[in-house]
Amino acid sequence: MDHEGCQGQHPQQCCQWVSNAWSEFLDLLKNAETLDIVIMLLGYIAMHLTFVSLFLSMRKMGSKFWLGICTLFSSVFAFLFGLVVTTKLGVPISVILLSEGLPFLVVTIGFEKNIVLTRAVMSHAIEHRRIQAQNSKSGKRSPDGSTQNMIQYAVQAAIKEKGFEIIRDYAIEIVILVIGAASGVQGGLQQFCFLAAWTLFFDFILLFTFYTAILSIKLRSTVSSVMSICVWPLRMMASRRVAENVAKGDDELNRVRGDAPLFGRKSSSIPKFKVLMILGFIFVNIVNICSIPFRNPSSMSTIRTWASSLGGVIAPLSVDPFKVASNGLDAILPTAKSNNRPTLVTVLTPIKYELEYPSIHYALGSAASNPAYNDAFHHHFQGYGVGGRMVGGILKSLEDPVLSKWIVIALALSVALNGYLFNVARWGIKDPNVPEHNIDRNELARAREFNDTGSATLPLGEYVPPTPMRTQPSTPAITDDEAEGLHMTKARPANLPNRSNEELEKLLSENALREMTDEEVISLSMRGKIPGYALEKTLGDFTRAVKIRRSIIARNKAAADITHSLDRSKLPYENYNWERFFGACCENVIGYMPLPVGVAGPLVIDGQSYFIPMATTEGVLVASASRGCKAINSGGGAITVLTADGMTRGPCVAFETLERAGAAKLWLDSEAGQDMMKKAFNSTSRFARLQSMKTALAGTNLYIRFKTTTGDAMGMNMISKGVEHALSVMANDGGFDDMQIISVSGNYCTDKKAAALNWIDGRGKGVVAEAIIPGEVVRSVLKSDVDSLVELNVAKNLIGSAMAGSVGGFNAHAANIVAAIFLATGQDPAQVVESANCITIMKNLNGALQISVSMPSLEVGTLGGGTILEPQGAMLDILGVRGSHPTNPGDNARRLARIIGAAVLAGELSLCSALAAGHLVRAHMQHNRSAAPSRSTTPGSSHDARLTGHDQCPRALSVNNVDERRRYSEVKAIDE
């Protein structure tokens, strides 16, 4: 009976404590000022924003959940340790004090140290893996190539790099908090500073112990997962390249295997864990034995006295009686002064009255009247010293029903976490660099033959005629991050039973397409159950979706006679980050088109050197531009001037009568109309700013040409959004509700079409580039002279283009350079039509050649569109113009326009020089004609065979050899 009363006492005390805390909180809230409540609310909001910032920072480093939650656990443990030490030292800490101080402590201190340490560890791990990859490519075997050594290296290097900085920050913060604890300021500042100092101390310890261990485990788990994903499919596929590499390295692997231990590489994680457990058990027993002289409770009196004195120094009284009695003292003092007599006042400690139910006193009385259980419990463990009393206290606390449930939950979580950690340690035992079995050369040869002669599988119930076997295309290089772009198709058992159409449709309705084979998905798609455009969204695997779409197109009866070889064509589709394409750049994807990219230069533009990336299939184009760059650099480089920056959009609106259309035109041309439209347009974007509007009337149709800046984006979508809103404001607020919007784009822009309006009024960026080439450089590098170039430019670029009625085409080949740079940097290739508008002017300036190009409608951007793709973004990186400019939006796009203008200048200079010297045809015959043996991969007609046979006669070969030598010497002289 006594035992039950003891058990029932704890829940009542907990409920009473919660009730008291809630009532104190309500009293505090009622008596608090509005400003204090607002400050506390802002503090809590800032604290939660700090948590969000922590998870966002960890997400950028590759951890969506675990590192962030482990950081919070580490900080919570540090706070609990600090709270225990503070209360044991006699410093009173209330819930109100914690609720008021913790948000500001979290916001002030934050989790920057954990983020800094994590970033350093990850960067050193990536650096270590890159060094390993370089060594493996060069044939070197690194002695520290294992995952465990990589993690050890990353942690040690990170601590060496950032350890002093972290310790310094901790020391400064703890010193400041100690000063606050010793300041003597009342109101809870001393107690909270004391608690915060201990919390930071334990946070420092846990950062380099608990959190570092979790970080190492996370790194090991990530590396093990990546290795298992990459190694397992390669073993199953047994491709030709893997077979050759393994066969060539068989002797070396045997040598390594001979030096390795019998059971593979040893993983020291589990043995170390066992040793630490045994040492901990021994340490507990040693402490228990050493505590025998101190089993007398009186021997601890000194420590208790010191702790209580320290608590008395730091902790003031919980209630200040003079503050409570301030109202009474204020009333007594004037009375004493008026009566002119001394008054003695005694201030007593306030008494707090609480209303409780009588049942509480009955329960407390029954428990207090039967202390036999408590006395027996303490008497039983009294003779066992400090360790015995500690164990006794723990056993007694287990009798609390609430606490026991939490302990069971904690034990369950501990078991689950330990199981996960042991699995991670078990993964580390196997070394992925050492094969698990002997390599059978016969099996490798059979696998090679299988890969070389693999035939396509037929769809269900449909026959497709076989196609001639083609050579296996080379594997394209990985263009994006391997961790993001590598998608392996799930292996399918070869002996899987065929499912009926009803079963397949049932799986489709259950969204279980991942359980189907490729042939089953193809069958459903060809029967119209899965739309071909929705394969990526339906399958959830972009690479597999592209592969299946190729097979579907190859088997489509409408064009099977010409597309039957698509699924085995040399158009690559693997090892590409298709997520960037989806919903942004292309639909119905069947692969990607590798395009050669070269660089021309370096070219000095406005005092800075650039290498110009150019994606082209035209021979000698990059070489010609490089020769022009060399000549321009010899004259001091190119100078550019930006003359305009404004993208245009020309909508078409209509009215019922010409009178209304004319009134609308006059209103748009007026100052009031301009102001209203500009205000409406500018409200749609923080980058788009309307510069001007130009109107034209054709009958009852009114064309309005909006011209606006668009930041670093090319801006077509941005300006279209602004035009729609401005026209809506014009109809509703401008008094033209009878206006009918025919089209947002009325070809008055003019976009992707040759138009005199773009040539006259400009569109996009307007750029003029100039260079002065000394006469000696013209003769030595360009193999021409100044007067010949000036004469050729007038006759060809000026008079010749005028005779042809050209609009903006007064140049030699500006579109060549513009198109190549557009493809390399992710610009819109269709806008080469107006972007290549250019006039080239040459003059003889005191014996030197002065050349300039003027391009009034260059439409480029460094943000959005094709620039989101990693290869194109990499080309923008080498120009230093990727993305939006951090301080002045629009500068990156304007700099790209200057670079393109200077590159066009180099191309114009080189081509005109080649034309003047008569080198153009010979250079193209040398570099821009494919060799005859390239026809061997494509079946040709009998006519092609006759031509090929004629070209291979001994006489033709002898003549070609002489021509080749002569052309090579001439082109080499041109390039030099």
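Keep in mind that glycine also has a Cβ here, set from the backbone N, Cα and C atoms.
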Swiss-Prot annotation: W22 and D645 on one membrane face: no
Long-range neighbours of the topological domain 'Cytoplasmic' (58-64), counting only residues six or more past its ends (CB under 8 A): 71, 115, 118-119, 122, 218, 222
Other CB atoms, at most 10 A from the CB of A713 (NADP(+) binding site): 24
Long-range Cβ neighbours of the transmembrane segment (194-214) (under 8 Å; 6 or more residues past either end): 66-67, 70-71, 74-75, 77-79, 81-83, 85-86, 91, 93, 101, 105, 109, 113-114, 117, 155, 159, 166-167, 170, 173-174, 177-178, 181, 314
Binding-site residues (G628, G715), the one with most neighbouring Cβ atoms at 10 Å: G628
Rounded to the nearest Å - Cα separation of K752 (active site, charge relay system) and D828 (active site, charge relay system): 10
CB contacts for S624 (CoA binding site) [other CB atoms within 10 A, all chains]: 28
Same chain, 6+ residues apart, C-beta under 8 Å of the C-beta of F687 (NADP(+) binding site), given in sequence order: T709, T710, G711, A713, M718, P889, G890
All-chain count of other Cβ atoms within 10 Å of K630 (CoA binding site): 20
Counts by DSSP class (helix H/G/I, strand E/B, coil) across the topological domain 'Cytoplasmic' (58-64): 3 helix, 0 strand, 4 coil
